[in-house]
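Undergrad: My questions all concern the structure below.
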Amino acid sequence: MRLSVRKVLLAAGCALALVLAVQLGQQVLECRAVLGGTRNPRRMRPEQEELVMLGADHVEYRYGKAMPLIFVGGVPRSGTTLMRAMLDAHPEVRCGEETRIIPRVLAMRQAWTKSGREKLRLDEAGVTDEVLDAAMQAFILEVIAKHGEPARVLCNKDPFTLKSSVYLARLFPNSKFLLMVRDGRASVHSMITRKVTIAGFDLSSYRDCLTKWNKAIEVMYAQCMEVGRDKCLPVYYEQLVLHPRRSLKRILDFLGIAWSDTVLHHEDLIGKPGGVSLSKIERSTDQVIKPVNLEALSKWTGHIPRDVVRDMAQIAPMLARLGYDPYANPPNYGNPDPIVINNTHRVLKGDYKTPANLKGYFQVNQNSTSPHLGSS
């Protein structure tokens, strides 16, 4: 027993001596750097400023802050999942499922900035805006790059990230933003009927949800306009559904990505290598396995309480600002392309395939509920 105690003490002494030796060596090196005038105490440069990933095709992909990231967002239930599935169908693009963590981290960063006391504490501790921004930049890029397969163009779809478009544009100056815009009445009806839990939204009240929708889209739209139309494109869900080819050509031109017919048939690439990866827990998965169709456009009509319909222009003034008629029930969104009419007939007849990895899931989970930060 005594021998083992001696061994422990000896080992601890050796470890302490080693730590002290390392610290002393570091101090000597720092002193030399200061004397040589080469040390900058305020900046550190990482050895590797890029993330390097190897794809299944054995192609090396390099990602950095200067790369043209794509951010897809909007109020939940506005078509963000459809948009990212269409982009995922492009051979050069990978979006993947919602990370859920990125909007939360952005919200924390915003909260620190808004709190004067917390900002002072961070500054006093040396955790300046420059330090925080560098950390946020590295974290967000790491999550986007590594939560899915590598691709030439990376995109992120977390609905609420576009509440921070201005900040993200500063972190990633070559990024582009797609703001999904949908008739708020349709978005809210979808939230309520599909029980999509979103923080702050009372799913028992159309009036409350429309008020919260108005506030959220107002913030996102203002951020989009501030970033500028050369960097942020509002995409109307109704027009994307009615005229997919025309809409997608405009979107890909905006993003600087070559056209590919695969974006018109995202449903054929679900679950396939290099295709569209879907999450079993996102509420829109059972919808985006279908071809683009008219099924969800006007489902909300006749379901909103009369008093809310009467006060719609006051409850949700952003409807009119975005070009929707707050008094039209149902509104006329336009005439669909022939391919969309054909797709709708197929969907109504059940003439579409459920991916093998999702078979049986929808029947088991159709009526289940789970907390969501927001999906669409």
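The backbone N, Cα and C atoms fix where each Cβ goes, glycine too.
Quick paste from Swiss-Prot:
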DISULFID  Cys95-Cys155  disulfide bond
DISULFID  Cys224-Cys232  disulfide bond
CARBOHYD  Asn342  N-linked glycosylation site
CARBOHYD  Asn367  N-linked glycosylation site
REGION    100-104  region 'Interaction with peptide substrate'
SITE      Lys157  site 'Transition state stabilizer'
SITE      Ser284  site 'Transition state stabilizer'
TOPO_DOM  1-8  topological domain 'Cytoplasmic'
TOPO_DOM  26-376  topological domain 'Lumenal'
TRANSMEM  9-25  transmembrane segment
Undergrad: What does the structure give for the C-alpha distance between Ser284 (site 'Transition state stabilizer') and Lys157 (site 'Transition state stabilizer')? Integer Å is fine.
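TA: Lys157 (site 'Transition state stabilizer') has its Cα 13 Å from the Cα of Ser284 (site 'Transition state stabilizer').
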Undergrad: Across the region 'Interaction with peptide substrate' (100-104), what are the DSSP residue counts per state (helix, strand, coil)?
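TA: Helix, strand and coil residues of the region 'Interaction with peptide substrate' (100-104) number 4 helix, 0 strand, 1 coil.
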Undergrad: Quick one: mean pLDDT on the topological domain 'Lumenal' (26-376)?
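TA: A mean pLDDT of 88 is what the model gives the topological domain 'Lumenal' (26-376).
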Undergrad: Taking each of Lys157, Cys232, Asn342 in turn, which of these recorded positions have a Cα lying within 10 angstroms of the Cα of Cys95 (disulfide bond)?
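TA: Hits: Lys157.
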Undergrad: Between Asn342 (N-linked glycosylation site) and Lys157 (site 'Transition state stabilizer'), what is the CA-CA distance rounded to a whole number of Å?
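TA: Here the two Cα atoms are 29 Å apart.
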Undergrad: Counting every protein chain present, what is the number of Cβ atoms, excluding its own, within 10 Å of the Cβ of Lys157 (site 'Transition state stabilizer')?
TA: 28
Undergrad: Between Cys224 (disulfide bond) and Lys157 (site 'Transition state stabilizer'), how many Å separate their Cα atoms?
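TA: That comes out at 16 Å between the alpha carbons.
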Undergrad: Let me know the most crowded of the recorded positions, choosing from Ser284, Asn342 and counting other Cβ atoms within 10 Å.
TA: Ser284
